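What Swiss-Prot says about this protein:
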- GLY34, LYS35, THR36, GLY37, SER38, GLY39, LYS40, THR41: ATP binding site (BINDING)
- 176-364: coiled coil (COILED)
- 392-502: coiled coil (COILED)
- 535-802: coiled coil (COILED)
Amino acid sequence: MKPLHLKLNNFGPFLKEEIDFSKIDNNELFLISGKTGSGKTMIFDAMTYALFGKASTEQREENDLRSHFADGKQPMSVTFEFQLNHRIYKVHRQGPYIKEGNTTKTNAKFDVFEMVDGKYEIRESKVISGTQFIIELLGVNADQFRQLFILPQGEFKRFLISNSREKQGILRTLFDSEKFEAIREILKEEVKKEKAQIENRYQQIDLLWQEIESFDDDNIKGLLEVATQQIDKLIENIPLLQARSKEILASVNESKETAIKEFEIIEKKTLENNILKDNINQLNKNKIDFVQLKEQQPEIEGIEAKLKLLQDITNLLNYIENREKIETKIANSKKDISKTNNKILNLDCDKRNIDKEKKMLEENGDLIESKISFIDKTRVLFNDINKYQQSYLNIERLRTEGEQLGDELNDLIKGLETVEDSIGNNQSDYEKIIELNNTITNINNEINIIKENEKAKAELDKLLGSKQELENQINEETSILKNLEIKLDRYDKTKLDLNDKESFISEIKSAVNIGDQCPICGNEIQDLGHHIDFDSIAKRQNEIKEIEANIHAIKSNIAVHNSEIKFVNEKISNINIKTQSDFSLEVLNKRLLENENALNNQRDLNKFIEQMKEEKDNLTLQIHNKQLRLNKNESELKLCRDLITEFETLSKYNNITNFEVDYKKYVQDVNQHQELSKEIEDKLMQLSQRKLIEQNNLNHYENQLETYNNDLELNEQSIEMEMSRLNLTDDNDIDEIIAWRGEQEELEQKRDTYKKRYHEFEMEIARLESLTKDKELLDSDKLKDEYELKKGKMNTLIDEYSAVHYQCQNNINKTQSIVSHINYLNQELKDQQEIFQLAEIVSGKNNKNLTLENFVLIYYLDQIIAQANLRLATMSDNRYQLIRREAVSHGLSGLEIDVFDLHSNKSRHISSLSGGETFQSSLALALGLSEIVQQQSGGISLESIFIDEGFGTLDQETLETALDTLLNLKSTGRMVGIISHVSELKNRIPLVLEVKSDQYQSSTRFKRN
């Protein structure tokens, strides 16, 4: 990442500033120079804030970055253009703020652009997604950016002096090693889950084994007595258990099948006897019902005769009904003809009345034409009538307002002259404020040094007292330790190993006699008495253990005290008593008060002058605004006069209200005349159309009447022919037959029902006679008793078989589950053994007592130190090398850095280095860190680096060496920028970015020495 252009608005001391980094030729080394507080570090803050929304140092919050002199209505913003991998990007970030006059905060904004074909195209326009885009683009977050690109003031030696836990946090962020810690936790949880699953499987096997049914069988009970932890024995017994269960099931099944066959035989015999009994009863009943049905035969024959006559007269009845319909149509047609003739007469009367109205309307035509002409000529005036009416209303107001504006303008001019006289030749003196501020700062620094020295001396006395007390304790404990060691050496340790052999010797003595051969040494036994005092041996052994425990406790205490003394020595070496002023605190406080009073007086004077200038600017602005309003008033007055003249010329009216009333009246008269004329024409057209329709209807009705008369004549002829065919003489005969038609459906149903039942009886009697022929009926009660007996026996055996079958199948399922659990358990124990071992190694239970994450971080730290030593050797004239402290204690140590002094051939604590040596080591380590991170990340492009302060602690020769190191970075294609107050750097570095301040804002410019 290489900076190209930086634009700052209301950022720190920069109200509106631009820095063009393209003026730096060929990645030239350049110096950022300026007075204390001028805003040099703010340049780094601006670049970091533009990219990540944070300052270059963690101590600065976003609210601290906004300029105190910024306009309350203007936001703080930074625009940063940079080059990355031969592509150009621009970011614009606006900070959140509460706009003057508002109570709610204006939200932050962030836009990311990329240059494509010479133009910037937007890539992101939201704060969160845009910041994530930048992190992915650069390959680093804000913390990593501070470590790689910007080495902030007071922070870039932090990595050198930090302890293992602090380095772990830094390296974890840079190399994303948290994933290794996550792996350890995952493995830990996985092992925990696996062990729980294994225990659960043992419980499931035991539960299944206890639930297996024994059928009260001695063989199965014997097989089930095996303990479930003996999984191999379970595997052997399961086939035997299944085979015995099948034998029990087969025996029960054989008894069940025999009972089912016996029941089926008696069930079939009972069913056949019941069917035969029902058929005999049904046959007797059907024969009786059939005799009763035959008695209805004469009545059915009479019904059939009536139905035949009704069928023959159907055509005649249809002709009679048709005659009535035709006569009705003829009567309706005559009525329609009469109504239509009356409608035609009424329409002719209406037309004559409308013709009279039309003639009266045409007599007013000339007057209407004159009104139309007036409307056409003045329509444009009426459409914009408000404009002309407003001109009449505004003209007097505008005259009065113009006179008032002229008077106010004269008063403002006089006020401006008064303010200019008050200012006179007075000017703000900010240089004096700067001088007083510097003096006050120096006095405060001297006061703080005196107070810090007093505090440091008190702390030093306290630490020296603690150290002396610890040394006295060590001497006292060392003396006690020597006495205990002397006492321990005096003890006789022989035969102590026989203390636990007393029972063994007693057993041997009880098994042998005097004169026997000893089973231990092979010699003849002369005596069986007691030769060893076991009580004395045990007492001596307890005393030795007590002394050894005391020695161990004292050694532990001495080690703790030595560690505490080492810690106190480190704190003593870190106490720094600075050179202080010769003046007393009383004198310094008096001088401080005098300078603060002088500063306040000068600030009050500057504030008064600035207020007068602000009032002058305000009056100038008011005069300008008044002049604009006066010009606007004159323009509006002229426009009103022109509009009034135009209205009176065209309308011949000098009153807007009269014109509006007459115009609307004329428009109303014209509209009424036109609407009435159109209405008359529409009525005439409608009357003509209606008369034509009624004439057509009349012709249609007359044609219909003629057709109906012809149909009636033909229908009468058909009636006469049909009566002749049926031998009917008059209408009375026809009426009698017609009376039967109401009963026709009932008669037909009665006839059909009789025939259907007659046929059914014949069929059913024949069927039942065939079923009962040559068959004997048995005793039903005896059959029922035998049926119930066989059924009860069968159901009992079926229930027994179902229960045994279910239990056998359940046993099979349980044994299969047990086998499955055992197989899975064996395989699981085999598969998870490697995971158990891996989890212990990753958790630090290994020969180095290191967790996986710390092992990886130590590897990266070794790479960083090796890279840093290449530069440190040059800067320290081959005296110093950084080394990693090898002490390791279960995972969280091993990351401390010491320095190896080649002159003394010994390693030293990093705090023993001088300020200049510490700067050399910090710079070398920071450069090594950035290069290793770049190598590991791959996607990070380090084309620039910026360093803030630190060179003031170096002597001339070391300063030259450090500069040569930074110049070598330039040769690798990296832009290097340095912030420093060291004057020698201005002579060595030709290009300087100078930062100047006038106490309320700063500016920058590049210059060459």
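Glycine is treated like the rest: Cβ placed from N, Cα and C.
The shown structure was predicted, so the numbers you read here are calculated from the model rather than taken from an experiment.
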- Message: Neighbours of the ATP site GLY34, LYS35, THR36, GLY37, SER38, GLY39, LYS40, THR41: Cβ within 8 Å of the Cβ centroid, same chain, sequence order.
- Response: PRO13, MET42, VAL995, SER997, SER1002
- Query: Considering the binding-site residues THR36, SER38, THR41, which residue's Cβ sits among the greatest number of other Cβ atoms within 10 Å?
  - Reply: THR41
- Message: Quick check on the binding-site residues: of GLY34, GLY37, whose CB has the lowest count of neighbouring CB atoms inside 10 Å?
- Response: GLY37
- Task: Under 8 Å Cβ to Cβ from LYS40 (ATP binding site), same chain, six or more residues apart: give me those in sequence order, or none if nothing qualifies.
- Result: ILE32, SER33, GLY34, ASP948, ILE979, VAL995
- the coiled coil (176-364) [mean pLDDT, rounded to integer]: 82
- Message: Taking every protein chain in this structure into account, which of the binding-site residues LYS35, GLY39 has the most other Cβ atoms within 10 Å of its Cβ?
- Response: GLY39
